[in-house]
Amino acid sequence: MQADWKPTASIEQLRQRAVLIANIRQFFAQRGVLEVDTPAMSHATVTDIHLHTFQTEFVGPGYAQGRHLHLMTSPEFHMKRLLAAGSGCIYQMAKAFRNEENGRHHNPEFTMLEWYRVGFDHHQLMDEMDDLLQLILKCGTAERMTYQQAFLTVLGVCPLEGSMAELKSVAARLGLSDIAEPEEDRDTLLQLLFSIGVEAKIGQQVPAFVYDFPASQAALAKINPNDPRVADRFEVYFKGIELANGFHELDNPQEQLTRFEQDNAKRIDMGLTPQPIDYHLIAALESGLPACAGVALGVDRLIMLSLGCTHIDEITAFPFPIA
């Protein structure tokens, strides 16, 4: 039996992909943002309950018993260490790895564009990202709405004040009762409603920036000083596809450590394995992270949309099934 050896993307699509990646690099070069390169493996990893990592083991000299390592889901932690060391504004296009879905919009190994702008808040970063999207997607200016506005407009329920019963009632309307009824975690329920009920209804003509996520979904973002119910976090959607996730970056080491510990406690409650906390990152925050905003963007999805493709395999040479 002959193995399926050919790339799933045409050579012409790969040429166009290369041009778009070159355009992205030029975009940042023109703005004086430094390109960096950080490890694909780490001793620590993300604690987020919704992210699943690949693990490997180093068995070289001095590690006869083996040393567990994680493939990075994002270069974020290493890039923040560079920021704390005085790098200034930085970006990179890195391979990221998530042990999750494989399908039309997902590949376990993918290309991520991540950048950090010193002195920016998340609104200024949204402005810059809007410029990049217009360049690559040839689209109009993005629309913007708060997380609360998106829920109220599309689903008619407030994500910040609505009760669990109200949220489950909306889920029933969407035909999601089997999943929603037994769910006890508010954020998991909100994410279900957002992914099924909201994502497909926004950002159809131009990209949509959704910001002011619930504080309980802050991750590595600051809590909004004017409204502690929400975090200075945004996500970007276009034609039903999530493209990016950005933060006005949290710079308080104790608060960040507490969030990591809370994630791991929740992991234990859910029967998941707690993840090793990145104390190098905590030490970098203690040293002093400059005020900044950062965002991670899925390059493969961006290129797929730019070239009018409907499957990520069309712009990826060797996706997971034939890698």
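Numbering starts at 1 and runs along the chain as displayed.
From the backbone N, Cα and C atoms, a Cβ is placed for every residue, glycine too.
Residues or ranges marked as substrate binding site in Swiss-Prot: Ser74, Pro75, Glu76, Tyr116, Glu249. Pro75 (substrate binding site): 26 other CB atoms within 10 A of its CB, across all protein chains. DSSP gives Pro75 (substrate binding site) a coil state; it is part of no helix or strand.
Feature annotation from Swiss-Prot assigns ATP binding site to Arg98, Asn99, Glu100, Asn107, Glu242, Leu243, Gly298. Just so you know, the Cβ of Glu100 (ATP binding site) picks up 12 other Cβ atoms within 10 Å once every protein chain is counted. In the three-state DSSP assignment, the secondary structure recorded for Glu100 (ATP binding site) is coil.
All protein chains considered, the CB of Arg98 (ATP binding site) has 21 other CB atoms within 10 Å. Just so you know, of the binding-site residues Glu76, Glu242, Glu249, the Cβ with the fewest other Cβ atoms around it within 10 Å is the one at Glu242. Taking the Cα of Leu243 (ATP binding site) as the reference point, the closest of the binding-site residues Ser74, Pro75, Glu76, Tyr116, Glu249 is Ser74. Within 10 Å of Arg98 (ATP binding site), counting C-alpha to C-alpha distances, fall none of the binding-site residues Pro75, Glu76, Tyr116, Glu249. Reduced to three states, the DSSP call for Leu243 (ATP binding site) is strand. Taking Asn99, Glu242, Gly298 as the binding-site residues under consideration, the smallest Cα distance to Tyr116 (substrate binding site) is found for Gly298.
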